[in-house]
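Asker: Can you read through this structure? Questions will come right after.
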């Protein structure tokens, strides 16, 4: 062990590291992946969602969120919140029941599982005898009634889940108590519905699948009323006063039954097929809700004409002569209607319809004419179009923030002004200290701006680039439009749209300057757009410039997709970010890197063929540079083609086999088997947890120029530094490629007074070839004080000190395998760190982050945050390149999660744990978005929502996960990620979302953002 101990162990530094670094997984943003159940508590005003992976999530007022995970990881099929209690019961698809409760600890509520139970039948009984189909929590909160496939209703006592066998309501007992004319064995089968009498807790309703419905007296164990339908029963609703039943059936009909002692076997008052007379699909659930105005609301799921609309996912609302079938683009999991919470109230008075679909949550305002949707403060459908890239910008100036919100508010005119109606609990989270933006690029050519300041991710504004190009779909087309005479009266609702007009529209890179309001976005087909924020609508032509990256090459032929056709005339753009120039790369390959310098008015872009520089003030191309190696023929077959020849694949496979045999023979004497992998395992033994281990560095093998796409541009970086000599600094552009080559160009940018008259000039000053030829993923210049250069315009806005231009500058080059510091302008090696402690470890993401001390307000350090392909995150000091801490963050098998990770400027990060969810984590003790909230069962809210909304979101569950090598370690929490990433289907879905179809000649975009540029301390 002695050789693994790092010499010079400094207790003072160790204490300082504990003040700076701490790893926490804090909150999951977005929509739960694969939801399977919905529940709601009218008294607590809390919404519950269960998923197929065994997770349950509770949501209340913005900022109130809880998360739990069943150990079995089985699908949640039902969720029931106990009336007036901070408790809920879940039913899983393995027929197990689980009791959860919200308990106050340390001043905040936590969701905990208390008990679990599986209903057992007598020995030799068929599994269907105890297979639960319906769960009814009694209003006493002491009993659960469990309907089963056998037709029996079992009774279980809470909270211990003790089965009360003497209270079982068997199908035989019901049969014996029916009149002679109703005693047909065929009327039983499974229990489809259980309802408690709205006014009398001693009566329950039991509905059987064959059409029989009975009202059972719990005290007298007798049938009070029975109703027999000729159609198979799907569900049933009991009106608030208990005088009317409404049943729905498999043929698309519903019936109204009077509950009266005058007739023991009444005929239905009314039987109706809403979308008849042609055959219709089943109505699976129906609600009949009374109002003070006298006319009820009829709300039901399904029932659409089978032949023409059988594939639609609809919920219909009928009231006062108005009928609308809300049409969802994904399957409806469940719905609930928010009504008067007081059980003693005379009327239901519904005010909101809450629908959980497979891919989104939709809330409809039932109080406003036209029934408009309500804007969501949380549970955003991040994947309404597949996410293709992300970009984070910290500390947004107030002026820009307000302008973005103003532009977004104009897009929300179709939303209701109702306050968010699900407002249970109290958020204890303090207001965020700054304004942060998370920008997501999507497959349909849109960029969405999210408020990522706190624990609630809220959509602020959506930018679409589709108007710039000629596509098959008219951007002005209104998909929600509905003809007056059209039947059924369908209305599209929700934002989820899984289809893209043209995958070439997909956004691959985003770069926003928060000081100037300039935005650059780049796409799948080589398009680079530069946009400027405008508070007014404008009609303008977008200037088009072509950048031929192969202008000096002969004999190359592009075999991939074609470029997008741009509109030639003026285009009308709404207030917000408006494009004014389009740079089209030729060949139209995926843009792999992007950098914007708003002070110099320059934008740089790179593809698998080369890179270029464009002056967006003069609207002219400065230069292009082809980086193709003669062996890079595959780069011309399309950005998605990765197919090697069989001969080459076999040759490289045999080479790898020989290398692995040789290296394994050489490694054997170094220690026992498995010793090299020790660094990747969690420190299980207490004696090793606090011991700092020195990494075992293996030799870096030089790569052949034929091993990969050497010309693939991975990173671009602007810097004002010493490039030619030590006496004069100048603007410069740096580019790093997949083949380990760094190009440096000196730039001559005219002063402001002559900026429009003189052209920007560029001259190649240096070309550096790394010996090991590993891909370059990051470039950074440090000033004379070894501090990263500030962002463009940051000094001009007095938000950063001027860089030290007196001392010598240093160049940091981060490749996949090592970090190397060079002196400038001579470019002589000064320091290096090999990131090779673990076999196969490669750098995937790198960013500069500022870590503030939690004890001293005025103390902080700049470090590198590094993510590897093994899912580890390391913090490396600047400029000495000393490893500080290492945490296990993402599972190494989660390739897509690693590819989607983005760091922030203050030591936080985001990555996708499913196609619809971001996991948020923090490496800093100071910048920690810590969600806390409180729910009290005594605080029953009966007020109805007014106008306005203030979204905020916060879970109270401990979400910390991973191994901390330094600092104070927190216990891992039960995060949803653990359940999702244990499912290979989820991993494949995320990977397909990020990477796309890699087939040759296909339009599917290569969505995984490859490489990460260090942009003057910003985050990408």
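Cβ coordinates are placed from backbone N, Cα and C, and glycine is handled just like the others.
Marked as phosphoserine by Swiss-Prot: 653, 965, 1015. What Swiss-Prot lists as region 'Disordered' is 653-689, 938-975, 992-1020. Annotation comment: Swiss-Prot describes 132-169 as repeat 'WD 3'. The repeat 'WD 6' annotation in Swiss-Prot covers 282-324. Marked as repeat 'WD 7' by Swiss-Prot: 332-366. Per Swiss-Prot, the feature repeat 'WD 9' maps to 508-583. Annotated repeat 'WD 11' per Swiss-Prot: 713-769, in sequence order. Taken from Swiss-Prot, the feature repeat 'WD 13' covers 835-888. The annotation repeat 'WD 14' is assigned in Swiss-Prot to 902-925.
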Asker: Going by DSSP assignments with H, G and I as helix and E and B as strand, what are the residue counts for the repeat 'WD 7' (332-366)?
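Answerer: Summed by class, the stretch gives 0 helix, 18 strand, 17 coil.
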Asker: Name the range, of those listed as 132-169, 282-324, 713-769, 835-888, that has the largest tally of Cβ pairs under 8 Å with the repeat 'WD 7' (332-366).
Answerer: 282-324
Asker: Based on DSSP, tally up the residues of the repeat 'WD 6' (282-324) by helix, strand and coil.
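Answerer: Residue counts for the repeat 'WD 6' (282-324) by secondary structure: 4 helix, 24 strand, 15 coil.
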Asker: How does the model score the repeat 'WD 7' (332-366) in terms of mean pLDDT?
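Answerer: Across the residues of the repeat 'WD 7' (332-366) the model's pLDDT averages 94 on the 0 to 100 scale.
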Asker: May I ask for the residues of the chain that lie six or more residues beyond the repeat 'WD 6' (282-324) and have a Cβ under 8 Å from a Cβ within it?
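Answerer: Residues 234-237, 239-241, 244, 246-254, 256, 273-275, 330-332, 335, 337, 339, 346-350, 353, 355, 357, 364, 366, 371, 488-491.
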